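Inspection log for the structure reproduced underneath, given as structure tokens.
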Amino acid sequence: MKGPSIVVKGARAHNLKGVDIELPKNKLIVMTGLSGSGKSSLAFDTIYAEGQRRYVESLSAYARQFLGQMDKPDVDTIEGLSPAISIDQKTTSKNPRSTVATVTEIYDYIRLLYARVGKPYCPYHGIEIESQTVQQMVDRILELEERTKIQLLAPVISHRKGSHEKLIEDIGKKGYVRLRVDDEIVDVNEVPQLDKNKNHTIEVVVDRLVVKDGIETRLADSIETALELAEGNLTVDVINGEELKFSENHACPICGFSIGELEPRMFSFNSPFGACPTCDGLGQKLKVDLDLVIPDKNKTLNEGAIEPWEPTSSDFYPTLLKRVCEVYKINMDKPYKKLTDRQKNILMNGSGEKEIEFTFTQRNGGTRKRKMVFEGVVPNIDRRYHESPSEYTREMMSKYMTELPCETCHGKRLSKEALSVYVGDYNIGEVVEYSIKNALYYFENLKLSDQDKSIADQILKEIISRLSFLNNVGLEYLTLDRSSGTLSGGEAQRIRLATQIGSRLTGVLYVLDEPSIGLHQRDNDRLINTLKEMRDLGNTLIVVEHDDDTMRAADYLVDVGPGAGNHGGEVVSSGTPNKVMKDKKSLTGQYLSGKKRIEVPEYRREITDRKIQIKGAKSNNLKNVNVDFPLSVLTVVTGVSGSGKSSLVNEILYKALAQKINKSKVKPGNFDEIKGIDQLDKIIDIDQSPIGRTPRSNPATYTGVFDDIRDVFAQTNEAKIRGYQKGRFSFNVKGGRCEACKGDGIIKIEMHFLPDVYVPCEVCDGKRYNRETLEVTYKGKNIADVLEMTVEEATHFFENIPKIKRKLQTLVDVGLGYITLGQQGTTLSGGEAQRVKLASELHKRSTGRSIYILDEPTTGLHVDDISRLLKVLNRIVENGDTVVIIEHNLDVIKTADHIIDLGPEGGEGGGTIIATGTPEEIAQNKGSYTGQYLKPVLERDSVE
């Protein structure tokens with residue numbers, strides 16, 4: 001290979017079979033292949049891992065002790081490596097304090113901007129707060145028209161209650177003759193009696209002047225006198241003109257509201273100097289939600305209308321409730337909604353000071369008398385949540401609470417002082433509510449004075465530069481205050497990508513994992529241009545990707561395969577995209593060249609009257625949308641990034657159905673009405689969250705096939721002789737498991753301020769079970785051997801047991817034949833976890849009344865995997881069930897029976913229904929971006 005290159009020899013990480021490959025440096029390299037073929041093993045676990053390890057090795061021993069020992073990847077040699085940076089999808093912060101602006105460091109520059117050129121205003125009077133010298137005050141007064149009559153007033157009392165007799169007397173003794181009391185000029189000896197219960201303003205008339213040449217000295221002396229009297233404040237009463245207010249205190253001259261010196265930390269919601277004191281800078285407060293406390297208002301109190309007070313472990317609260325109802329004559333057999341407002345208020349907010357006596361039965365069976373003020377259900381839940389030392393109680397109470405915007409800062413996170421500072425017409429809280437697109441426009445067109453411009457010039461350059469990068473990777477719809485925990489994997493990755501471009505590093509090896517996830521075809525070109533820009537800076541990019549456009553744009557394409565798991569781990573083809581397309585061995589090449597394709601269905605399923613209707617959807621950016629989801633068909637919801645797809649499907653459709661069908665406590669987004677729920681009895685949300693939070697969860701336990709496998713082992717002769725039951729073969733209970741590692745197979749070593757380290761258990765050698773259990777075999781294999789089998793191997797191994805084979809076959813059908821039965825759930829990718837969930841639903845009996853919701857199921861899937869997935873989804877629909885998918889992938893969109901296209905843009909520019917209908921109908925709609933990209937695909941892939 002001409003030019004510098006990265007040479008990998010003998011890579012054996014995971015399923016790689018001694019891979020040798022040479023990759024050109026300073027190029028855009030795309031690695032592709034089936035899910036599980038070994039792409040990530042080569043890109044991340046070999047090339048990136050070694051680049052990172054070598055960089056750490058080059059640091060001092062002192063620095064290395066904080067970074068920990070990095071294992072050398074299973075590879076013979078790698079030459080030509082550069083320092084490596086990985087941009088994957090697993091590193092998004094879920095911290096509620098982390099926002100788009102903080103992650104990209106834009107917020108640091110905005111804080112600096114407000115600290116350096118911000119202008120503080122009094123939040124009560126709208127007056128600019130500025131500290132002025134006597135000379136500045138003189139100059140401003142002399143700017144008034146000549147012969148203007150003025151009075152210099154010293155405001156000694158501002159809006160304060162009291163009769164202030166002593167103060168007025170003291171002013172008279174100092175020789176002052178006139179006062180202005182509540183806007184009336186009076187003689188100091190003739191001030192009327194002031195009502196001590198009302199607010200009053202008292203100003204001393206220090207001097208009366210006519211503006212003309214030669215008054216500078218007298219004016220300055222009088223100003224100094226007034227400032228001394230009024231502790232640094234001065235009012236100039238301009239006769240027949242507007243009053244002027246001055247202060248030398250950096251305080252409001254009317255009410256004294258003051259702000260200290262402006263500094264960046266004052267605008268940080270992560271600092272006590274800037275955070276809102278009520279919500280501590282979170283912008284949200286947990287409040288008791290009455291809809292969660294009383295989910296069914298048709299129930300009576302005796303039927304358990306107040307859900308948190310149902311008699312469970314104790315009858316304390318039910319007895320108290322009964323006694324309260326007796327005292328206040330509340331009918332416990334009347335539906336809650338028919339109670340009077342007064343009765344509801346007593347139940348929810350308490351009875352005031354009145355004490356109530358009652359006797360309740362304790363857990364031990366004894367009785368006890370109590371006399372107490374009835375605090376009400378809402379204060380009770382709030383108190384128990386905030387004051388209980390029990391984690392269990394706090395968790396139970398939180399089920400009846402909802403996060404609402406803080407009442408003090410209205411969700412802006414900052415203190416009153418920080419929100420009183422303006423640059424242009426907006427404070428910092430208002431600016432971060434802008435979308436990236438609008439923020440870019442605002443900062444590019446910000447009007448500043450010449451002096452402020454010279455101060456802010458460099459800061460604005462940094463802000464505009466970072467915003468431009470975010471805009472260029474298709475994230476213009478995100479608001480700067482969006483919590484980073486709510487970002488999709490693709491969005492989070494593109495944010496990190498934009499941050500890296502902003503750093504302008506050169507000579508770096510970047511390894512990226514599917515940056516096109518969640519991106520509409522329209523925005524793909526911008527992402528590809530961004531990747532090329534990074535390459536042109538002198539960097540090498542290795543991108544694991546399945547997207548057609550990205551593969552075609554690559555300088556060098558590597559196809560890993562030919563299959564998945566044990567059938568993969570080899571480089572099938574590498575070279576320019578054109579070279580790979582001509583390679584008959586390359587599955588990717590065949591799809592790229594059009595020799596293989598996912599064909600458009602010959603017919604679309606008929607849309608009947610059976611449907612779920614949503615009216616008045618207003619969640620997030622949705623603009624009062626009415627939409628129908630037809631049942632027993634495959635519906636795909638499309639639209640550019642940020643157009644409102646997730647708001648409609650995940651926030652409203654799923655949560656509203658889950659609330660009605662599953663009695664879920666999750667509150668749906670804002671909408672008016674939903675109809676047609678009675679036609680469904682089951683809702684399944686198949687998302688990409690892990691199948692379990694601990695290493696114990698695995699595909700075998702999640703799909704339920706492990707129960708059947710344990711039955712098989714319990715039925716063996718050896719197990720019967722030893723008296724082993726099914727439970728003996730569980731690694732979750734005592735008996736058959738290894739007690740040294742409690743059945744985990746690994747031991748967790750806590751490293752305190754470093755991440756926890758997991759090492760294989762030395763007693764069972766990672767097999768999870770004790771020696772006696774492993775002596776029981778079926779067809780020559782023990783239970784640990786079975787857990788180490790791939791799904792495909794296990795399907796053949798158990799082919800004579802239909803119950804097990806059927807469940808395993810569903811995993812094969814969704815393209816997961818390569819994963820092992822005992823693979824830790826935490827190590828599965830989002831796409832793999834989603835397909836395990838799909839498989840576990842597939843082997844259950846269909847009712848024809850189920851609805852499946854999937855959000856971008858093609859994540860991590862090769863086009864051949866997508867072909868399999870579509871067969872599975874169509875199988876679900878053929879059974880009479882309904883599938884609703886959010887998707888950008890055109891291969892999925894073209895096979896839909898019905899499309900709902902949102903847009904036209906992202907963020908505020910979206911939230912409306914652009915078009916609905918078959919793919920052919922959408923393709924004819926000129927207002928639909930999806931239609932524009934769908935049209936040529938339909939023409940190309942239709943069955944001839």
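Heads up, the Cβ atoms here are built off N, Cα and C, so glycines get one too.
What Swiss-Prot annotates here:
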- 33-40, 639-646: ATP binding site (BINDING)
- 252-279: zinc finger (ZN_FING)
- 309-587: domain 'ABC transporter 1' (DOMAIN)
- 607-935: domain 'ABC transporter 2' (DOMAIN)
- 738-764: zinc finger (ZN_FING)
Cβ-Cβ neighbours of Gly639 (ATP binding site) (radius 10 Å):
29
Check Gly33 (ATP binding site) against DSSP and tell me helix, strand or coil, would you?
strand
By DSSP, how many residues in the zinc finger (252-279) are helix, how many strand, and how many coil?
4 helix, 2 strand, 22 coil
Counting every protein chain present, what is the number of Cβ atoms, excluding its own, within 10 Å of the Cβ of Ser35 (ATP binding site)?
28
Including all protein chains shown, what's the count of other C-beta atoms within 10 A of the C-beta of Lys645 (ATP binding site)?
28
Over the zinc finger (252-279), what does the predicted model average in pLDDT?
87
Quick check on the binding-site residues: of Ser37, Ser641, Ser643, whose CB has the lowest count of neighbouring CB atoms inside 10 Å?
Ser641
Note: in the chain of Gly33 (ATP binding site), residues six or more apart in sequence with C-beta under 8 angstroms of its C-beta are Lys39, Asp559, Val560, Gly561, Gly568, Val572, Leu587, Thr588, His862
